[in-house]
Amino acid sequence: MDPEAGSMTRESRLKFYKATLCLAYQSFGVVYGDLSTSPIYVFKSTFLGRLRLHEEDDEILGVLSLVFWTLTLIPLCKYIIFVLQADDNGEGGTFALYSLLCRRAKLGLLSASDAPDDDISAYNYGPSRKETVASSILKEFFDKYRSSQIVLLLLVLLGTSMVIGDGILTPSMSVLSAVNGVKVKAPNLHGNYTVFIACVILVGLFALQHFGTRSVGFLFAPILLAWLFCISTVGVYNTIYWNPHVVRALSPYYVYNFFKKAGKDGWSSLGGVVLCITGAEAMFADLGHFSQLSIRLAFTVVVYPCLVLAYMGEAAYLSKNKEDLQKSFYKSIPEAVFWPVFIIATLATMIGSQAIISATFSIISQCRALKFFPRVKVVHTSNHIHGQIYIPEANWILMVLCLAVVVGYRDTDMIGNAYGLAVIVVMLVTTCLMFLVVVMVWKRNILEALLFVIVFGSVELLYFSACLAKVQKGGWFPLMFSLIVLSTMCVWHYGTLKKQAYESNNKVSLDMLLSMGPNLGINRVPGIGLIYSNVATGPPPMFSHFVTNFPAIHHILIFVTVQSLTVPKVPANLRFVISRIGPLDLCLFQCVVRYGYKDKRKDSHDFENQLIETVAEFLQRGNNDSEAFRLEPVNQQQSIPLNDVTASSLESGVNTGTSKKTVRFRCWDVARNWKI
């Protein structure tokens, strides 16, 4: 083997490891904030009901064993080992799973109207696997019963609505839990003061959102690492100092013993235990910003062991100080380091809140791209990372709702009941979608998919049943909120589809255009006109109104349709699809601009320049009337002969500036007449 080639291989491998470690480091401040701050309130929330501590340590050891095995089964086994593999071209989350099913299995309602063309499909997937008996049966079932596709879509939207609900509950729960720690040192402090402090922190947190996470992002990872170091170190200290025998709780026997002795009260306490996995879904939802290996490395090497040590130490302290149950986390912190840990805890909860707020913005943007959410202003706060966005309307609505939750509930006990239900519903939705992905996308044996559902779905259903029992104690809030958001999404999507159907059925026909003659029965003036419409196959219905009411139109008209596809991203060279409408002398063109649901939308002069340059390239290559055109990379050293319709003509039109007209019309005055 060539030594130089071997050296290059080692160099590239070293670069890969370095990049992975860098991504793993960055993920601490984005992915694990919520999951890492759960120890603050898990034990307190678990013992809210009838479950009581006795002289023996069976209840404490049982809860610790439940926490350990829940952390092991759900975040470690389900997400790290299995779910992270179901990425959509590197992207994760509920919509990623659904878009996989829409495109690969053709069973979603979006598969027909928003499916990508063959060129993008080939770019993203590679060769398809051979159909299995189970996948064929499921495919036939979904094709036969359209109602099943509607149920699947509603399931996805329900999970999405619950995640948006997390954007309200996570900041409220985390910040209020951290601030309540001050009562350990000031027990006579009235609850109104802690509520007020939490509200001030929340207002400040949401007020800073318009700056974007990039400006303060470099601080997030060190703070979370410091937090994990603190809770793990305190956990080791408490375990050794108070009760080393709690290590025995790592045996699943103590789970069995717990339910045997606690019975129904033990089942009811699961609504608090489930809070130990809040934020686990973020490992999959934020996959697009990192990589599978970096997220797996960060969780298995750092986050998972630190959390286990923290819970173990708190259980050891509780076993000897049962009277401190309601403030067990802060009471277990040694006196000498209390205030530093308290400050880091407050900062860590703010970071965890920031992560879910940013994720909420991202989800709303994805829903908007797929026509499931009303148009809102999306501000990109980073020139380098497309996923860092800010939505002003959503930000202030979230802030008001967070303040309402804090002031209305005034205590983390009620918020915890609501929080647990929202978390477990999202995980159940992911489990259901994963079953379909395993069978219909991966084409694996149905027994493997059933085993996945039985192992993880049964655990999640157990937690779900316990959370449902607490609906009247605060769990009603995420249900009500998710139903409101779900209804909004469904109504908006239904109205959008009806509007598109009307425009498509009433578009201007080619016969009508030909009957008008080359000038369309109206004066044609030099210039390029862009007319935006939702019709991708010809002039929209409003074009006939436009022709009859305007005294003149520009010589070149380009009908622009923006399409949102069920793929994460569309390559830049495949974004524009150009075709000619009618004969050459009409000078009418159709341009379909395609975006993925995670693409950054460009609504600027640069976008318009690129569009017109693509049309110029289309004309230079001499495409036939019926032929569609996609922009391909051009060799810069290759000269292309220009005809009368030159790129310079187009550029002269672009560079003279824009003048806004009515009916969503923009034009550029061309320096000289452009004749075809």
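Each Cβ is built from the backbone N, Cα and C atoms, and glycine gets one as well.
Feature annotations, courtesy of TrEMBL:
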- 23-514: domain 'K+ potassium transporter integral membrane' (DOMAIN)
- 526-619: domain 'K+ potassium transporter C-terminal' (DOMAIN)
- 21-43: transmembrane segment (TRANSMEM)
- 63-84: transmembrane segment (TRANSMEM)
- 150-169: transmembrane segment (TRANSMEM)
- 189-208: transmembrane segment (TRANSMEM)
- 215-237: transmembrane segment (TRANSMEM)
- 297-317: transmembrane segment (TRANSMEM)
- 337-364: transmembrane segment (TRANSMEM)
- 385-407: transmembrane segment (TRANSMEM)
- 419-442: transmembrane segment (TRANSMEM)
- 449-471: transmembrane segment (TRANSMEM)
- 477-497: transmembrane segment (TRANSMEM)
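Confidence annotation: the domain 'K+ potassium transporter C-terminal' (526-619) carries a mean pLDDT of 79 in the model.
The recorded stretches the transmembrane segment (385-407) and the transmembrane segment (419-442) do not share 3+ CB pairs below 8 A when only pairs 6 or more apart in sequence are counted, and are therefore not in contact. Looking at which of 150-169, 189-208, 215-237, 419-442, 449-471 has the most CB pairs under 8 Å to the transmembrane segment (477-497), the answer is the stretch 150-169. In this chain, the transmembrane segment (63-84) touches the transmembrane segment (297-317); three or more CB pairs sit within less than 8 A of each other, excluding pairs fewer than 6 residues apart. Contact between the transmembrane segment (419-442) and the transmembrane segment (63-84) is supported by 3 or more Cβ pairs under 8 Å, counting only residues 6 or more apart in sequence. With a threshold of 8 Å between CB atoms, the same-chain residues lying at least 6 positions outside the transmembrane segment (189-208) that come near it are 171-172, 175-176, 179-180, 182-183, 216, 346, 350, 353-354, 357, 395-396, 398-399, 402-403, 406-407, 410-411.
Counting C-beta pairs under 8 angstroms (sequence separation of 6 or more), the transmembrane segment (337-364) fails to reach the transmembrane segment (63-84), with fewer than 3 such pairs. Same-chain neighbours of the transmembrane segment (21-43): 63, 67, 75, 170, 173-174, 177-178, 181, 213, 217, 219-225, 227-228, 231, 272-273, 275-280, 282-283, 286, 289-291, 294-295, 297-299, 302-303, 306-307, 310-311, 314-315, 318, 325, 328-329, 345, 348-349, 351-356, 358, 412, 416, counting only residues six or more beyond its ends whose CB sits under 8 Å from a CB of the stretch. Below 8 angstroms of C-beta separation, residues 70, 73-74, 77-78, 82, 134, 267-271, 273-274, 417, 420-421, 424-425, 427-428, 431-432, 434-435, 438-439, 479 of the same chain, each at least six residues beyond the ends of the transmembrane segment (449-471), sit close to that stretch. Beyond the transmembrane segment (215-237), the same-chain residues lying 6 or more positions past its ends with a Cβ under 8 Å from any Cβ of the stretch are 25-30, 32-33, 36-37, 39, 208, 302-303, 305-307, 309-314, 332-334, 337, 340-341, 344-345, 347-348, 351, 354. Sequence-distant contacts of the transmembrane segment (63-84) (same chain, six or more residues past either end, CB-CB distance under 8 Å): 35, 42-43, 46-47, 92, 246, 249-255, 258, 269-270, 273-274, 276-277, 280-281, 283-284, 287, 292, 295-296, 299-300, 304, 307-308, 311-312, 315, 427, 430-431, 434, 452, 455-456, 459-460.
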